[in-house]
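Input: a single structure, listed below in C-alpha coordinates.
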Amino acid sequence: TIRIIHSFHPNSSRFILSPIMTLQSIRYECGELSILDQLLLPHETAYERIGCVEDGWKAIRSMKVRGAPAIAIVGCLSLAVELHKREFPDTPSLSSFIKAQLTHLTTARPTAVNMGKSAAILIKFVDSMVEQNVSHEEIKSRLAGKIERMLPDDISDNMKLSEHGAKHIMGRIGQDKVTILTHCNTGSLATAGYGTALGVVRSLHAAQHLREVYCTETRPYNQGSRLTAYELMHDHVPSTLIADSMVGLVMRTRGISAVVVGADRVTRNGDTANKIGTYQIAVLAQHHGIPFYVAAPITCHDGGRLDGESIVIEERPPHELTCVAGVQLAPKDMNCWNPAFDVTPNELITGGIITEHGVFTPHQLNDFHDK
Ligand SMILES: CSC[C@H]1O[C@H](OP(=O)(O)O)[C@H](O)[C@@H]1O
(Lines of atoms letter the chains of each structure in order from A and count residues from 1; the text may use other names and numbers.)
(Lines give C-alpha, C1' and ligand atoms only; values in the text may rest on other atoms or scores of the structure.)
Protein backbone atom coordinates (compact mmCIF):
# COMPACT_ATOMS: atom_id res chain seq x y z
CA THR A 1 0.00 0.00 0.00
CA ILE A 2 1.05 3.60 -0.30
CA ARG A 3 0.53 5.93 2.67
CA ILE A 4 0.77 9.73 2.44
CA ILE A 5 2.67 11.09 5.42
CA HIS A 6 2.40 14.85 5.63
CA SER A 7 4.87 17.06 7.41
CA PHE A 8 4.65 20.82 7.21
CA HIS A 9 8.08 22.47 7.13
CA PRO A 10 7.92 25.44 9.54
CA ASN A 11 10.24 27.58 7.43
CA SER A 12 8.28 27.34 4.22
CA SER A 13 4.76 27.00 2.99
CA ARG A 14 5.64 23.80 1.15
CA PHE A 15 4.13 20.53 2.23
CA ILE A 16 6.64 17.72 2.53
CA LEU A 17 4.98 14.56 1.30
CA SER A 18 6.29 11.07 1.12
CA PRO A 19 4.37 8.76 -1.21
CA ILE A 20 2.65 6.24 1.03
CA MET A 21 -1.08 6.10 0.24
CA THR A 22 -3.65 4.20 2.28
CA LEU A 23 -6.62 3.98 -0.13
CA GLN A 24 -5.89 2.20 -3.39
CA SER A 25 -8.46 1.96 -6.19
CA ILE A 26 -5.87 0.28 -8.42
CA ARG A 27 -3.41 -2.52 -7.57
CA TYR A 28 -0.82 -3.42 -10.20
CA GLU A 29 2.33 -5.51 -9.91
CA CYS A 30 4.35 -7.42 -12.53
CA GLY A 31 1.58 -7.77 -15.07
CA GLU A 32 -1.16 -8.51 -12.52
CA LEU A 33 -3.99 -5.92 -12.15
CA SER A 34 -6.91 -5.70 -9.74
CA ILE A 35 -9.37 -2.90 -9.01
CA LEU A 36 -11.34 -1.99 -5.93
CA ASP A 37 -15.01 -2.63 -6.84
CA GLN A 38 -16.44 0.80 -6.02
CA LEU A 39 -20.03 -0.37 -6.53
CA LEU A 40 -19.65 -2.24 -3.21
CA LEU A 41 -18.18 0.65 -1.18
CA PRO A 42 -18.37 1.69 1.58
CA HIS A 43 -19.80 -1.50 3.06
CA GLU A 44 -17.60 -4.02 1.30
CA THR A 45 -13.96 -3.83 0.25
CA ALA A 46 -13.43 -6.26 -2.60
CA TYR A 47 -10.79 -6.26 -5.33
CA GLU A 48 -11.61 -7.69 -8.75
CA ARG A 49 -8.90 -9.10 -11.00
CA ILE A 50 -8.58 -7.52 -14.46
CA GLY A 51 -7.10 -10.14 -16.79
CA CYS A 52 -7.58 -8.51 -20.21
CA VAL A 53 -8.82 -5.44 -22.06
CA GLU A 54 -12.41 -6.66 -22.08
CA ASP A 55 -12.33 -7.01 -18.29
CA GLY A 56 -11.04 -3.44 -18.14
CA TRP A 57 -13.73 -2.18 -20.50
CA LYS A 58 -16.49 -3.84 -18.46
CA ALA A 59 -15.13 -2.54 -15.13
CA ILE A 60 -15.08 1.00 -16.52
CA ARG A 61 -18.50 0.79 -18.22
CA SER A 62 -20.14 -0.66 -15.07
CA MET A 63 -18.39 2.01 -12.93
CA LYS A 64 -16.70 -0.55 -10.70
CA VAL A 65 -13.81 1.79 -11.36
CA ARG A 66 -14.56 5.42 -12.17
CA GLY A 67 -12.98 8.86 -12.16
CA ALA A 68 -11.35 10.35 -15.24
CA PRO A 69 -7.69 9.55 -14.33
CA ALA A 70 -8.48 6.11 -12.90
CA ILE A 71 -10.44 5.19 -16.04
CA ALA A 72 -7.45 5.88 -18.28
CA ILE A 73 -4.97 4.17 -15.96
CA VAL A 74 -7.07 1.01 -15.55
CA GLY A 75 -7.90 0.92 -19.25
CA CYS A 76 -4.27 1.18 -20.29
CA LEU A 77 -3.05 -1.23 -17.61
CA SER A 78 -5.63 -3.79 -18.80
CA LEU A 79 -3.86 -3.64 -22.17
CA ALA A 80 -0.46 -4.07 -20.50
CA VAL A 81 -1.80 -7.12 -18.65
CA GLU A 82 -3.10 -8.69 -21.86
CA LEU A 83 0.12 -7.95 -23.76
CA HIS A 84 2.07 -9.55 -20.88
CA LYS A 85 0.26 -12.84 -21.63
CA ARG A 86 -0.01 -12.76 -25.41
CA GLU A 87 2.54 -13.67 -28.07
CA PHE A 88 2.61 -11.99 -31.48
CA PRO A 89 4.32 -13.35 -34.63
CA ASP A 90 5.45 -9.94 -35.87
CA THR A 91 5.24 -6.16 -35.47
CA PRO A 92 2.21 -5.50 -37.74
CA SER A 93 0.05 -7.96 -35.79
CA LEU A 94 1.17 -6.46 -32.47
CA SER A 95 0.65 -2.87 -33.64
CA SER A 96 -2.83 -3.51 -35.05
CA PHE A 97 -3.85 -5.37 -31.86
CA ILE A 98 -2.70 -2.47 -29.65
CA LYS A 99 -4.55 0.11 -31.75
CA ALA A 100 -7.76 -1.93 -31.85
CA GLN A 101 -7.74 -2.49 -28.08
CA LEU A 102 -7.00 1.13 -27.19
CA THR A 103 -9.74 2.31 -29.54
CA HIS A 104 -12.14 -0.17 -27.95
CA LEU A 105 -11.30 1.14 -24.46
CA THR A 106 -12.25 4.68 -25.47
CA THR A 107 -15.85 3.49 -26.10
CA ALA A 108 -16.52 2.49 -22.48
CA ARG A 109 -17.40 6.05 -21.35
CA PRO A 110 -17.32 9.09 -23.69
CA THR A 111 -17.16 12.23 -21.55
CA ALA A 112 -13.81 12.07 -19.72
CA VAL A 113 -10.93 12.92 -22.04
CA ASN A 114 -8.27 10.87 -20.25
CA MET A 115 -8.74 7.46 -21.89
CA GLY A 116 -8.92 8.95 -25.41
CA LYS A 117 -5.92 11.17 -24.70
CA SER A 118 -3.87 8.26 -23.35
CA ALA A 119 -4.86 6.06 -26.30
CA ALA A 120 -3.65 8.72 -28.77
CA ILE A 121 -0.35 9.15 -26.91
CA LEU A 122 0.30 5.39 -26.75
CA ILE A 123 -0.60 4.79 -30.41
CA LYS A 124 1.82 7.58 -31.39
CA PHE A 125 4.46 5.98 -29.14
CA VAL A 126 4.02 2.60 -30.82
CA ASP A 127 4.05 4.11 -34.31
CA SER A 128 7.34 5.87 -33.54
CA MET A 129 8.91 2.56 -32.46
CA VAL A 130 7.60 0.80 -35.56
CA GLU A 131 9.19 3.52 -37.72
CA GLN A 132 12.47 2.94 -35.88
CA ASN A 133 12.24 -0.82 -36.61
CA VAL A 134 12.17 -1.68 -32.91
CA SER A 135 11.50 -5.40 -32.45
CA HIS A 136 7.95 -6.35 -31.52
CA GLU A 137 9.13 -7.86 -28.22
CA GLU A 138 10.89 -4.59 -27.36
CA ILE A 139 7.78 -2.61 -28.38
CA LYS A 140 5.73 -4.68 -25.94
CA SER A 141 8.25 -4.09 -23.17
CA ARG A 142 8.59 -0.34 -23.71
CA LEU A 143 4.84 0.14 -24.03
CA ALA A 144 4.20 -1.74 -20.79
CA GLY A 145 6.81 0.41 -19.07
CA LYS A 146 5.20 3.62 -20.30
CA ILE A 147 1.77 2.49 -19.17
CA GLU A 148 3.06 1.41 -15.75
CA ARG A 149 4.55 4.87 -15.22
CA MET A 150 1.02 6.35 -15.41
CA LEU A 151 0.49 5.29 -11.79
CA PRO A 152 3.34 7.22 -10.07
CA ASP A 153 3.01 10.08 -12.56
CA ASP A 154 -0.64 10.57 -11.63
CA ILE A 155 0.13 10.60 -7.90
CA SER A 156 2.98 13.05 -8.45
CA ASP A 157 0.76 15.34 -10.55
CA ASN A 158 -1.98 15.22 -7.91
CA MET A 159 0.40 16.15 -5.11
CA LYS A 160 1.81 19.12 -7.03
CA LEU A 161 -1.67 20.21 -8.09
CA SER A 162 -2.95 19.94 -4.53
CA GLU A 163 -0.13 22.07 -3.15
CA HIS A 164 -0.73 24.75 -5.80
CA GLY A 165 -4.44 24.69 -5.08
CA ALA A 166 -4.09 24.87 -1.30
CA LYS A 167 -1.66 27.78 -1.50
CA HIS A 168 -3.83 29.67 -4.00
CA ILE A 169 -6.95 29.29 -1.87
CA MET A 170 -5.12 30.40 1.28
CA GLY A 171 -3.75 33.41 -0.60
CA ARG A 172 -7.19 34.28 -1.98
CA ILE A 173 -9.18 33.84 1.24
CA GLY A 174 -6.59 35.44 3.54
CA GLN A 175 -7.70 33.58 6.67
CA ASP A 176 -5.90 30.91 8.69
CA LYS A 177 -8.72 28.38 8.28
CA VAL A 178 -11.02 27.77 5.31
CA THR A 179 -14.24 25.85 4.74
CA ILE A 180 -14.51 24.00 1.43
CA LEU A 181 -17.46 22.54 -0.48
CA THR A 182 -16.78 19.74 -2.95
CA HIS A 183 -18.91 17.56 -5.24
CA CYS A 184 -18.66 13.94 -6.36
CA ASN A 185 -15.50 11.93 -5.65
CA THR A 186 -12.14 13.21 -6.75
CA GLY A 187 -9.87 11.44 -4.29
CA SER A 188 -7.76 8.29 -4.20
CA LEU A 189 -10.78 6.38 -5.55
CA ALA A 190 -10.91 8.47 -8.74
CA THR A 191 -7.17 8.50 -9.40
CA ALA A 192 -4.01 6.51 -8.77
CA GLY A 193 -3.88 8.21 -5.38
CA TYR A 194 -4.17 11.38 -3.30
CA GLY A 195 -6.77 12.92 -5.61
CA THR A 196 -7.44 16.17 -7.39
CA ALA A 197 -10.07 18.36 -5.69
CA LEU A 198 -9.96 16.05 -2.68
CA GLY A 199 -6.18 16.24 -2.88
CA VAL A 200 -6.46 20.00 -2.39
CA VAL A 201 -8.65 19.29 0.66
CA ARG A 202 -6.04 16.79 1.93
CA SER A 203 -3.26 19.36 1.52
CA LEU A 204 -5.24 22.08 3.31
CA HIS A 205 -5.96 19.62 6.13
CA ALA A 206 -2.32 18.52 6.35
CA ALA A 207 -1.24 22.15 6.73
CA GLN A 208 -3.90 22.68 9.42
CA HIS A 209 -5.71 25.26 7.28
CA LEU A 210 -8.95 23.31 6.86
CA ARG A 211 -11.82 24.17 9.20
CA GLU A 212 -14.24 21.77 7.48
CA VAL A 213 -15.18 20.29 4.13
CA TYR A 214 -18.79 19.81 3.02
CA CYS A 215 -19.28 16.99 0.51
CA THR A 216 -22.45 16.51 -1.49
CA GLU A 217 -24.00 13.05 -1.75
CA THR A 218 -23.91 13.38 -5.57
CA ARG A 219 -26.95 11.55 -6.78
CA PRO A 220 -27.62 9.21 -8.50
CA TYR A 221 -24.37 7.14 -8.15
CA ASN A 222 -23.68 8.69 -4.72
CA GLN A 223 -19.97 9.20 -5.25
CA GLY A 224 -20.08 11.70 -2.37
CA SER A 225 -21.98 9.77 0.29
CA ARG A 226 -20.43 6.39 -0.59
CA LEU A 227 -16.89 7.31 -1.67
CA THR A 228 -15.84 10.83 -0.61
CA ALA A 229 -17.34 10.42 2.86
CA TYR A 230 -15.49 7.09 3.08
CA GLU A 231 -12.17 8.73 2.16
CA LEU A 232 -12.65 11.71 4.48
CA MET A 233 -13.59 9.51 7.44
CA HIS A 234 -10.65 7.22 6.65
CA ASP A 235 -8.30 10.23 6.79
CA HIS A 236 -10.01 11.80 9.83
CA VAL A 237 -10.76 15.03 7.93
CA PRO A 238 -13.39 17.32 9.58
CA SER A 239 -16.28 16.91 7.14
CA THR A 240 -20.05 17.06 6.76
CA LEU A 241 -22.19 15.22 4.22
CA ILE A 242 -25.08 17.13 2.65
CA ALA A 243 -27.75 16.34 0.09
CA ASP A 244 -27.29 17.94 -3.32
CA SER A 245 -30.38 20.06 -2.64
CA MET A 246 -28.74 21.67 0.42
CA VAL A 247 -25.90 23.44 -1.44
CA GLY A 248 -27.69 26.81 -1.61
CA LEU A 249 -28.55 26.90 2.08
CA VAL A 250 -25.05 25.74 3.08
CA MET A 251 -23.52 28.54 1.00
CA ARG A 252 -25.88 31.02 2.60
CA THR A 253 -25.41 29.91 6.23
CA ARG A 254 -22.22 27.90 6.72
CA GLY A 255 -19.42 30.24 5.65
CA ILE A 256 -18.13 28.35 2.62
CA SER A 257 -14.77 29.89 1.67
CA ALA A 258 -14.41 28.18 -1.71
CA VAL A 259 -15.79 25.41 -3.89
CA VAL A 260 -13.30 22.90 -5.35
CA VAL A 261 -14.48 20.25 -7.82
CA GLY A 262 -12.77 17.85 -10.21
CA ALA A 263 -13.04 17.56 -13.98
CA ASP A 264 -13.55 15.01 -16.69
CA ARG A 265 -12.71 17.28 -19.58
CA VAL A 266 -11.42 20.87 -19.54
CA THR A 267 -11.44 22.57 -22.93
CA ARG A 268 -9.03 25.24 -24.21
CA ASN A 269 -11.19 28.11 -22.97
CA GLY A 270 -11.67 26.53 -19.52
CA ASP A 271 -15.21 25.19 -20.01
CA THR A 272 -15.37 22.08 -17.84
CA ALA A 273 -17.34 18.86 -18.08
CA ASN A 274 -17.77 17.35 -14.64
CA LYS A 275 -20.25 15.31 -12.60
CA ILE A 276 -23.88 16.28 -13.05
CA GLY A 277 -24.77 18.99 -10.55
CA THR A 278 -21.48 20.86 -10.91
CA TYR A 279 -23.01 23.54 -13.15
CA GLN A 280 -25.75 24.42 -10.68
CA ILE A 281 -23.22 24.56 -7.82
CA ALA A 282 -21.15 27.01 -9.90
CA VAL A 283 -24.23 29.20 -10.48
CA LEU A 284 -24.98 29.20 -6.74
CA ALA A 285 -21.33 29.99 -5.94
CA GLN A 286 -21.45 33.02 -8.26
CA HIS A 287 -24.68 34.17 -6.62
CA HIS A 288 -23.04 33.95 -3.17
CA GLY A 289 -19.69 35.45 -4.26
CA ILE A 290 -17.80 32.24 -3.42
CA PRO A 291 -14.71 31.44 -5.57
CA PHE A 292 -15.24 28.31 -7.69
CA TYR A 293 -12.18 26.18 -8.53
CA VAL A 294 -11.72 23.26 -10.89
CA ALA A 295 -8.88 20.89 -9.94
CA ALA A 296 -7.69 19.10 -13.07
CA PRO A 297 -4.26 17.67 -13.96
CA ILE A 298 -3.30 18.20 -17.60
CA THR A 299 -4.33 14.59 -18.29
CA CYS A 300 -7.93 15.89 -17.90
CA HIS A 301 -7.43 18.73 -20.39
CA ASP A 302 -8.67 18.59 -24.00
CA GLY A 303 -6.45 21.24 -25.53
CA GLY A 304 -7.70 20.39 -29.00
CA ARG A 305 -11.28 21.40 -28.23
CA LEU A 306 -12.04 25.11 -28.20
CA ASP A 307 -15.02 25.10 -25.83
CA GLY A 308 -17.50 22.88 -24.02
CA GLU A 309 -20.33 23.07 -26.57
CA SER A 310 -19.40 19.86 -28.37
CA ILE A 311 -18.51 17.67 -25.36
CA VAL A 312 -20.47 14.40 -25.48
CA ILE A 313 -22.42 13.98 -22.24
CA GLU A 314 -22.79 10.34 -21.21
CA GLU A 315 -26.31 9.22 -20.33
CA ARG A 316 -26.52 6.35 -17.89
CA PRO A 317 -29.28 3.66 -17.55
CA PRO A 318 -32.57 4.71 -15.86
CA HIS A 319 -32.25 2.03 -13.15
CA GLU A 320 -29.25 3.92 -11.73
CA LEU A 321 -31.71 6.76 -11.02
CA THR A 322 -34.80 4.77 -9.98
CA CYS A 323 -32.98 2.33 -7.68
CA VAL A 324 -30.68 2.95 -4.71
CA ALA A 325 -28.50 0.04 -3.57
CA GLY A 326 -30.75 -2.30 -5.50
CA VAL A 327 -33.95 -0.98 -3.86
CA GLN A 328 -36.57 0.27 -6.35
CA LEU A 329 -37.49 3.82 -5.24
CA ALA A 330 -39.25 5.33 -8.26
CA PRO A 331 -41.95 3.43 -10.20
CA LYS A 332 -40.17 0.87 -12.38
CA ASP A 333 -41.38 2.19 -15.75
CA MET A 334 -41.11 5.89 -14.92
CA ASN A 335 -39.60 7.94 -17.73
CA CYS A 336 -36.09 9.09 -16.71
CA TRP A 337 -33.27 11.28 -17.95
CA ASN A 338 -29.90 10.38 -16.41
CA PRO A 339 -27.03 12.53 -17.78
CA ALA A 340 -23.86 11.71 -15.84
CA PHE A 341 -22.19 15.08 -16.46
CA ASP A 342 -22.83 18.72 -17.23
CA VAL A 343 -20.62 21.54 -18.54
CA THR A 344 -19.69 24.57 -16.43
CA PRO A 345 -18.89 27.59 -18.63
CA ASN A 346 -15.51 29.18 -17.96
CA GLU A 347 -16.98 32.45 -16.70
CA LEU A 348 -18.33 30.62 -13.63
CA ILE A 349 -14.89 29.22 -12.75
CA THR A 350 -14.05 32.31 -10.72
CA GLY A 351 -11.31 30.81 -8.51
CA GLY A 352 -9.26 29.25 -11.27
CA ILE A 353 -8.23 25.98 -12.84
CA ILE A 354 -5.79 24.16 -10.56
CA THR A 355 -3.17 22.03 -12.33
CA GLU A 356 0.20 20.49 -11.45
CA HIS A 357 1.77 23.51 -13.22
CA GLY A 358 -0.07 26.09 -11.16
CA VAL A 359 -3.48 27.79 -11.02
CA PHE A 360 -4.71 29.36 -14.25
CA THR A 361 -7.51 31.70 -15.19
CA PRO A 362 -9.40 30.41 -18.24
CA HIS A 363 -7.53 32.95 -20.40
CA GLN A 364 -4.13 31.89 -19.04
CA LEU A 365 -5.08 28.27 -19.73
CA ASN A 366 -5.54 29.04 -23.41
CA ASP A 367 -2.04 30.56 -23.49
CA PHE A 368 -0.68 27.47 -21.67
CA HIS A 369 -2.02 25.21 -24.42
CA ASP A 370 -0.35 27.42 -27.02
CA LYS A 371 3.12 26.86 -25.51
C1 LIG B 1 -10.57 13.12 -10.54
S2 LIG B 1 -11.71 13.03 -11.81
C3 LIG B 1 -13.15 12.60 -10.99
C4 LIG B 1 -14.36 12.98 -11.78
O5 LIG B 1 -14.94 11.79 -12.34
C6 LIG B 1 -16.24 11.68 -11.78
O7 LIG B 1 -17.14 11.09 -12.67
P8 LIG B 1 -17.47 9.50 -12.55
O9 LIG B 1 -17.55 9.18 -11.09
O10 LIG B 1 -18.80 9.36 -13.29
O11 LIG B 1 -16.34 8.80 -13.26
C12 LIG B 1 -16.63 13.10 -11.46
O13 LIG B 1 -17.01 13.81 -12.61
C14 LIG B 1 -15.36 13.60 -10.87
O15 LIG B 1 -15.21 14.99 -10.80
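A Cβ is built for glycine as well, from the same backbone N, Cα and C atoms used for every other residue.
As given in TrEMBL:
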SITE      CYS184  site 'Transition state stabilizer'
ACT_SITE  ASP264  active site, proton donor
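All protein chains considered, the CB of CYS184 (site 'Transition state stabilizer') has 29 other CB atoms within 10 Å. Annotated pair CYS184 (site 'Transition state stabilizer') and the residue listed as 'active site, proton donor', C-alpha to C-alpha distance, rounded: 12 Å.
According to DSSP, CYS184 (site 'Transition state stabilizer') sits in a coil region rather than a helix or strand. Its own atom aside, the Cβ of ASP264 (active site, proton donor) has 30 Cβ atoms within 10 angstroms in the protein chains shown.
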